[in-house]
Amino acid sequence: MSEYLNEEIRKLKESKNAIILAHYYQVPEVQDAADFVGDSFELSRRAKENDADLIVFCGVRFMAESAKILSPNKKVLLPVKEAGCPMADMAAAQQIIDMKKEHPNAKVVTYVNSSVEAKAVSDVCCTSSNAIRIVKNIDADEIIFAPDKNLGSYIQEHVPEKNIILWNGHCCVHDRISAEDVFRAKEQCSTAMVLVHPECRKEVRDLANYIGSTSGIINYARESDHDKFLIVTEEGVLHKLKKENPKKEFFSIRGMTCKNMKKTSLDNVYWSLDENYYEINIDEEIREKAAAALENMLILGSD
Ligand code: 13P
Ligand code: SF4
């Protein structure tokens, strides 16, 4: 069945000059059908730098919106309309405007896991892979960082010379993991290297041998001489890790599943391509403002 679907998807892609972008948290068959799989920073770069007329974005809404913001002349489709990111709804644009009034000298750095409106009132966006570099490079000593308090506190540890004003947002998948959960998982793999996403709490990050984005974790495991890894992020990354490193062993923390990322099936990808469903449309005035924050990220966040 999935062979048939993959063939139909391939034909539709060709006839519509489309590409499929997928995040590492997507289900394996969607990752395998994609032209490019990556972390949120790589995906936003890919969305901008390609010759396709149509992008099918397999991820959550803020990712597809970022693709549309950066490539307004392309049609961008999110196969499942309801695939959202709860953290992206934790920082309203008006709250950011109010916070700026309280801290007139601060610049606003907003995690890409945010609404278009929040991006539009921000100075620059960031992802987990470039947040530290961006906060270091931005021309301000005081930073309002929204919406992830855990990523914000991780940045603060690495950039102590700046004052980071934290937001009270979090990712429900990463924030619910405790140090105790990691100790319990380590009982099955006591010698494993612990690789942690920075959306986790400090007590969990403190147990890490490596902290980084989904791509950072995948690169670390590929290059490491160790053969056992406990992966403390959404379980979807295990697909790529196991495929790339058949001789290494990977362990995960039970329950680290993002139900929004798992809403997209291969059927949804097919229907999306066939029926142009669900098209992302953004008001042009807001898009231009959000684009400035995302473009600043591509400039300040590149190596
Ligand atoms: P990455 O930027 O590491 O891909 O993470 C995105 C995300 O949503 C993490 O929960
Ligand atoms: Fe949002 Fe968390 Fe899911 Fe990432 S894992 S998309 S931050 S809910």
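Quick reminder: no glycine exception, Cβ is built from N, Cα and C everywhere.
When SER40, SER178, SER224 are compared with the iminosuccinate site residues HIS23, TYR111, VAL112, ASN113, SER128, HIS197, PRO198, GLU199, THR214 in TrEMBL, the one appearing in that site is SER40.
When Cα-Cα distances from GLU199 (iminosuccinate binding site) are compared across the binding-site residues CYS85, CYS171, CYS258, the shortest belongs to CYS171. Across the structure, HIS23 (iminosuccinate binding site) and CYS258 ([4Fe-4S] cluster binding site) are spaced 12 Å apart at their Cα atoms. With a cut-off of under 6 Å between the Cβ and any atom of ligand 1, the binding-site residues TYR111, CYS171, CYS258 reduce to CYS171. In terms of C-alpha distance, the listed binding-site residues CYS85, CYS171, CYS258 place CYS85 closest to ASN113 (iminosuccinate binding site). Shown in sequence order, VAL60, PRO86, MET87, ASN113, CYS172, VAL173, HIS174, GLU199, GLU234, ASN260, MET261 are the same-chain residues outside CYS85, CYS171, CYS258 whose Cβ sits within 8 Å of the Cβ centre of the [4Fe-4S] cluster site.
The secondary structure of CYS258 ([4Fe-4S] cluster binding site), as reduced to three states from DSSP, is coil rather than helix or strand.
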